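**Student:** Pulled these features from TrEMBL for this protein:
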type	residues	note
TRANSMEM	64-85	transmembrane segment
TRANSMEM	97-116	transmembrane segment
TRANSMEM	128-150	transmembrane segment
TRANSMEM	170-191	transmembrane segment
DOMAIN	180-268	domain 'Nucleoside transporter/FeoB GTPase Gate'
TRANSMEM	222-242	transmembrane segment
TRANSMEM	284-305	transmembrane segment
Amino acid sequence: MTSHLLKTLREVLMDAVHVSFDFFKVLIPISIAMKILAELDWIRYLALPLEPVMQLTGLPADLGIAWATGIMVNFYSALIVFIGLLPGLPPLTTEQVTTLAVMMLIAHSIPAEGRIAAQCGVSFIGQAVIRLVVAVIGGVIVHTSCQAFGWLDTPARIVFTPSPDVNLLWWALGEVRNLVSIFCVIFFVMLLQRFLRYLKVADLVGRALAPALRVLGMRPAAATAMIVGVITGIVYASGVILKEVRSGEMSRHDVFSCMTLMGLAHAIIEDTCLMLLIGAHIGGIFFLRLALAFVTCAMINILYLRFRGDAREPETAPNEVS
């Protein structure tokens with residue numbers, strides 16, 4: 001029994017090392033490149049094309065800088081920029097903060113998370129386009145519905161206080177800590193997956209969610225990865241997906257549907273709590289976000305079934321699928 005347990009731990013550890021190494025090859029160069037852009041203050045130029053979107057969603061044009069930072073760098077950096085912009089802006093309403101929050105939740109860290117999706121066999125450009133388009137749709141829905149019914153017109157209560165900016169050494173140490181955390185979470189997620197599979201719990205969950213998964217274009221084999229991604233995040237779920245792809249458990253369409261759903265709605269608890277701190281309304285950042293994710297995936301699956309045949313064909317994911 002002990003020898004079998006040690007063997008399992010060793011196998012899971014090696015799987016986690018291999019998967020993490022694949023991800024780190026993507027994450028480290030992108031993190032460095034995005035840090036350089038931020039230090040040179042070039043992110044603001046990437047925000048210029050977003051001005052029409054800001055106008056369409058009822059937001060001040062300057063907030064495009066915050067969203068551009070989120071798109072290119074990460075979520076936390078976007079919030080720091082957002083807080084820094086507040087003194088030069090008129091008081092924001094709960095509607096405006098919720099609109100921006102929904103857009104940032106759906107479309108952030110596109111270079112890093114997009115490359116991770118590509119590692120799992122999904123088109124980087126395809127995922128980026130889907131997330132950006134759905135983010136704008138989400139922002140428009142919040143803005144137009146609030147304007148039509150007079151919702152969320154009270155001043156936003158912002159209690160988020162970011163840490164002060166740090167020098168490059170502390171930034172580098174922070175990135176190393178993040179990478180170690182990613183490896184640890186991937187290891188424990190893979191270990192949990194192996195344990196659930198041993199207890200047949202994963203099979204039970206897959207069968208229980210089969211009707212919903214079928215609508216979204218996934219087989220029961222994708223249930224564990226989907227749940228992990230929605231609750232924790234893309235990076236951690238991608239470790240499970242990459243292992244399942246290599247073992248032939250997930251089809252091309254399973255991977256595409258799962259990554260699309262997670263791209264639109266992941267780390268649902270942590271991200272929601274963070275956005276509540278800047279005054280966003282839970283109706284937009286939680287319920288609307290989940291609804292947009294499920295509806296988008298269901299519509300894509302309907303189109304897939306119509307034009308490409310049965311999505312449940314057990315085909316192995318190639319290097320990249322659309």
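Just so it is clear, glycine is given a Cβ too, placed from its N, Cα and C backbone atoms.
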**Student:** To the transmembrane segment (222-242), which of 64-85, 97-116, 128-150 is linked by the most Cβ pairs under 8 Å?
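**Tutor:** By Cβ pairs under 8 Å, 97-116 leads among 64-85, 97-116, 128-150.
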**Student:** Same chain only, please: residues at least 6 beyond the ends of the transmembrane segment (97-116) with a C-beta under 8 Å from a C-beta of the stretch. Say none if there are none.
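**Tutor:** Sequence-distant neighbours of the transmembrane segment (97-116): 23, 26-27, 30-31, 33-34, 57-59, 63, 66-67, 70-75, 78, 82, 124, 127-128, 131-132, 134-136, 138-139, 142-143, 146, 152, 156, 158, 234-235, 238, 263-265, 271, 275, 278-281, 283-285, 288-289, 292.
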**Student:** Would you report the average pLDDT that the model assigns to the domain 'Nucleoside transporter/FeoB GTPase Gate' (180-268)?
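**Tutor:** Computed over the domain 'Nucleoside transporter/FeoB GTPase Gate' (180-268), the mean pLDDT is 84 on the 0 to 100 scale.
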